[in-house]
Amino acid sequence: MTRSTVVSLATFALLSYTSDAAAVHKRDLEAPVEIEGGWEYQGCYLDVGRTIDKDGFRNDEMTNEMCGEFCYDRGYSTFGTEWHQECFCGDKLAPGASEADPNDCDTACLGDENQPCGGSNRLSLYKRKGPDINPGWMDYEAIGCWTDSPGNRALTNEEYSIDPDEMTVKKCIEGCATRGYILAGVEFGGECFCGNTITNDHELADAEDCSYACKGNRTELCGGTGHINVYDFKLHAASSASSSSSSASSAEPTVCPGQPQNVLSWSWAGCYTDTPAARTLNANAMTSYQMTLEMCAENCAGYKYFGVEYQWECYCGMEFHGSSTQRPASECNMLCGGAQCDFCGAGDRLSVYAIGDAPPTPSLDPTTTDDAPSQSPTAPVPTDLPDGWDYYGCWVDMANGRILNTQTLDDPQLTLASCVAECDRRGYSIAGTEYYTQCFCGNAIYNGGELADSESECNTACGGNNDEFCGGPNRMSIFSRGEPKIYQPPAATQRVGDWVYAGCVTDTAGLARTFPWQLIFDGTLTPKICTDACAEFGYAAAGLEYGVECYCGDPENIEVNGASIVDDSECDMGCAGDGGAMCGGPSRMTTYFWDGDEPLYSWGFPEDGTAEAGSYEFLIGGVVIPLMTSQAITGKVTFLEKWTTGPPNSTGAYELDLTAIDNFELAWRTMNVKTDLFCAAGVTLPDKAGRQLTVGGWSGESTYGVRLYTPDGSDGVQGTNDWEEDVDILSLQDGRWYPSTLNMANGSILVVGGEEGSNGAPVPTLEILPFTGGAPLYMEWLERTDPNNLYPFLAVLPSKGIFVSYWNEARILDEKTFETIKTLPNIPGAVNDPMGGRTYPLEGTSVLLPQKAPYNDPLGILICGGSTEGIANALDNCVTIYPDAAEPEWVLERMPSKRVMSCMAPLPDGTYLMMNGAMHGVAGFGLASNPNLNAVLYDPEKPVGSRMTVMANTTVARLYHSEALTLLDGRVLVSGSDPQDGVNPQEYRVEVFNPPYLLSGKPRPTFTIENTDWDFEGSYTFTLGSPAVNGAITATLLGSVSSTHGNSMGARTLLPAVSCSGTDCTVTAPPGPYICTPGWYQFFVLDGGIPAVGVFVRIGGDPAELGNWPEGEGFTRPGI
């Protein structure tokens, strides 16, 4: 597969390069000053999480020109290249972005070694010239940015003939001028409207409200949301009265535009119907694009009548012919081509003038002359149509809106067959032709369309074939595959299943959306499709917009994002999949709220400062920015960080004595590593010393590293042991960066996946420690899903299989052959992106749900948070599955907020504490923003949808490389954060979170236990310090954890059987290695849910005899 759009680790990929990279750094690089598309170089800029974050991609032949073309095509105004091969697009810079030293942009583009493509956390930044206001075209001058509304347009006639993706000011003006209007307006980047006056009390607005670039010319402005750039022909509309126009000086309109009562010696006689098949005035016709009333009058000298039609057509006659009827003067509303204060008829409408003493109301002669066209109003139907298509008559258009909802580009050579063929090619079942050159397509007749009174109303010859008729003014010649389905004018569906209509709601397109999640259902959208999609992912509000767009969110988003409920008339577009149902309009949403018997979610919100909310507490100032933490069986906490790539004075390893917090020097012990374990993996070994193991690293020999530490020391007494490593004696077979580790049921250690180091090639293998004699095993699924499968989640299942989850997939492996036993359903991602992922760099967090004695139920897996590729929307849901179930399925539940790079710590009372992370972005340096400061408590005993409680907030941003670890005293240790985003600091401070059970005021139990080395199914006694006072005595076993990047390796929650007689109690160890993998566990005794301070116990011994491993000097072996 291709690499991820967002490359989360590129910001440090050159730190250890020596030869080739050095040559790149030394090369003189010169950024192109200008790039085709109107791009201008702005300089070298600091990249802050992310500086530009709307779109992007990565390419091994990247140049600034390639990036510019990509961003131009998507309509963005700013782009930047970074780290050789990355391209990012957007419209504005993130807060904190600033110009950097030009020399910092020192990484050459992979596609052009002579130009820079940014650097480490640096962007080569370009902005597009403009977009600016186009001053005008064809005597149409810009008159400013005006307010507009979908339900009450400033300019009431939309010009449909222009492809929205090709919209320019010039095309809109030409379209309006052709139709005889003196005002043209562009809006929303791709919409064009025409008119002769600005209506509905709309007013001038601030120029910045029209900020959208035209889709067909990104250098000029085309309005905005609810705002329109207006152009006025010779500024005629600026004055409500004008005595004359320069090109028709003797015509005397009372207003501009208007219909003069007198032209030379001719007098206004009225507006009359006309038809090409039987002209009302049939003599001395002429056409001119500069037509004026005077010009036509002069052409018709000697005749009693002259008439002007369709802006530039002139007809003369001594009397009327055919069946012309007088119409209201308002139907003659097209401006003369050469005098745009005067009306010159309209489509099939004549502005008629009479000479001297001719009757002001002409007499009608129903006969036609030899000069009239011989064609009948009912023209032959073409026979060269695609199979299944037939003619279904002449239909009325625009009585309540368009009856077909897709218009193709106007075609001067249009024929009936060509329109049908185009609609057939596009997959539509209905085609309609209208007014010479227009072709429309659809799958139903919308807006209550109905047959015209007579076939003769479709009377305009096709532009490409005068022998057939292509509709008429507001009339369509309809062809269909079968009887067309008819929808009445759209109306809001008041109830859709468990959803109730909430009104027409504004949407701030281009800024913050009212509802955050967008789905596109082109051609299929209905209220049910949208509401079903939102409900599936737990959203209680659904908005339908512009006929094809669906948005999901919560009712509260309306107020929070400054939206409002407006009159229903502003939502005026039918749904693409159900024309009778309303689906919003431009920047308007037909909105529904969930109204089912049960809420989609119910979260707890205890009052801040109460015991139920828990609390954050500063613990101690730090000496390290850890990327991995673990509590050793001695009770001390080990911290591991980048070494050689971290702070210059770092040794890479430290240990914290929690009993010496008041003595900084005693509390912290400096330790040492030999290679950089940046993004390594780790577990606690099941040997009797509880040694800690880390494997892998960031580059070179460190990726092969296998490191061991034997915990020593005691409360208040620092140990002397240190990390041991010798790659010549002990190493991985495959070097790995971002692997995962697992304590297997047989006592061995499984190492899975990773990359070769520093954004290198995937390492799609797994291997066993200690070395078994076989080569690493290739896994196709690891190669196929790189790089979104790093730090996969692993677990031993009661069925004896091995669960593995990576990106958005999961499977069960055979514990001996590692062949796939069962492929599980794909993991749900975002409501609009099934490819949203859960493992690094789309980093979520995962734990195993509690296993309760007698352990008959299948083991549950809980995964929370994550992100999407590209735009990097953090996920706001958790998913649960029971892999050993007969038909396992993922169950989704909403989280109270989005979260990526989160951590989750199992607690002694069987709940889980989720904390840290960001609400946007992906894992990596500078790749996330908007820290998530609150903790969330997850209680699996509650019903799905009601399991989460929003807890206390911290003031410390915990982003990339932050960790959470449950301590023996029941608190959760919170540490680290290395965002490198120019906004949030590297974090040395260490906090603890106090869960509610520590703040309840209830007494904590105490206990003593002598035997801490347990066999499976063994019974072990412990003694309470006093009788239970809070409730029942229970026990919990929490697996020893190595916490890194949201992956709590070793975590497992077991609730063993306990019985008590007075203060004498017995606990029964779990039954075997598939329920409880051999190793070390924190053992807690609880009185009515209040835990005592725990102790470490070992369960299941050391079946792989790791205590005798490894052989060779320089390693401590505790024995069996």
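The backbone N, Cα and C atoms fix where each Cβ goes, glycine too.
Look at TrEMBL and you will find 1-21 tagged as signal peptide. Among the features that TrEMBL reports, domain 'WSC' is placed at 38-129, 139-234, 265-356, 388-482, 498-595. Annotated region 'Disordered' per TrEMBL: 357-382, in sequence order. The annotation compositional bias 'Low complexity' is assigned in TrEMBL to 364-374.
For the domain 'WSC' (498-595), DSSP puts the residue distribution at 18 helix, 39 strand, 41 coil. The average pLDDT for the domain 'WSC' (388-482) in the predicted structure is 90. Secondary structure counts, DSSP: the domain 'WSC' (139-234) has 16 helix, 36 strand, 44 coil.
Counting residues of the domain 'WSC' (38-129) by DSSP class, helix then strand then coil, yields 13 helix, 38 strand, 41 coil. Across the range of the domain 'WSC' (388-482), the DSSP-based residue counts are 13 helix, 37 strand, 45 coil. For the domain 'WSC' (265-356), DSSP puts the residue distribution at 10 helix, 42 strand, 40 coil.
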